Amino acid sequence: MPIREIRHPLIRHKLGLMRRADISTKNFRELAQEVGALLTYEATKDLPLESYEIPGWCGPVQVEKIAGKKITVVPILRAGIGMLEGVLSLIPGAKVSAVGVARNEETLQAHTYLEKLVPEIDERLAMIIDPMLATGSSMVATIDLLKKAGCRDIRAMVLVAAPEGIAAVEQAHPDVTIYTASIDQKLNEHGYIIPGLGDAGDKIFGTKQKDS
């Protein structure tokens, strides 16, 4: 499984701002969208193109457009919603599927409680978005669901990834590429990424925050 850590200066700068303990909900939310957009740029660099002709100001002009499969963006609820607007700013024509996954705070295992997939999803490139790849259980559960629905071209974008989560996805789904802004050090005993961002969902939605 390719894991691609995107160390672009803009991403590094914005991620550094997101790590502040005293960051406001507004700023965290805006930065999550911005980094999500930058990751989308990298995750779509290899999409195929095809030429076609349009009427230009001086006559017919050959231009290019994205060819091949259509795209569905798959936010893992709820935190994945925090990256959605940034992703759609670059691919506004993409359809949105949604997968709700809850993690048991004691066992750290995930279970799926909601799936709203677009029609003919098996014919689309599925791009999963979730701010944190911690234990990997939510990501694995989502990929399991998408593959069961017929998806064969799946990519994932996360703001921060832990080595444990990367290993879990690699073991279960070695064909899925993960794009991340940072590979962090480890998980703590509560399954939170160190140094991480804290609870990304709480910070995006302004609910009670937990320690990272």
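Every residue, even glycine, has its Cβ placed from backbone N, Cα and C.
Now, the feature entries from Swiss-Prot:
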BINDING   Arg78, Arg103, Asp130, Pro131, Met132, Leu133, Ala134, Thr135, Gly136, Ser137, Ser138, Asp199  5-phospho-alpha-D-ribose 1-diphosphate binding site
BINDING   Ile193, Gly198, Asp199, Ala200  uracil binding site
Cα nearest Asp130 (5-phospho-alpha-D-ribose 1-diphosphate binding site) among binding-site residues (Ile193, Gly198, Asp199, Ala200) -> Ala200
Specify the nearest of the binding-site residues Arg78, Met132, Ala134, Gly136, Ser138 to Ile193 (uracil binding site), where nearness means the distance between Cα atoms. Ala134
So which of the binding-site residues is most packed in, judged by how many other Cβ atoms lie within 10 Å of its Cβ, out of Asp130, Asp199? Asp130
I'd like to know which of the binding-site residues Ala134, Gly136, Ser138 sit within 10 A of Ala200 (uracil binding site) at the Cα level. none
Have a look around Gly198 (uracil binding site) and count the other CB atoms within 10 A of its CB, chains all included. 21
Whole-Å Cα distance, Arg78 (5-phospho-alpha-D-ribose 1-diphosphate binding site) to Asp199 (uracil binding site), is 11
The rounded CA-CA distance in Å from Ala134 (5-phospho-alpha-D-ribose 1-diphosphate binding site) to Asp199 (uracil binding site) is 11
Most isolated by CB count within 10 A, of the binding-site residues Arg78, Ile193, is Arg78
Using DSSP and collapsing to three states, where does Ala200 (uracil binding site) fall: helix, strand or coil? helix
Cβ-Cβ under 8 Å from Gly136 (5-phospho-alpha-D-ribose 1-diphosphate binding site), same chain, 6 or more residues apart: which ones? Glu164, Gly165, Ile166, Ala167, Ala168, Val169, Ala172
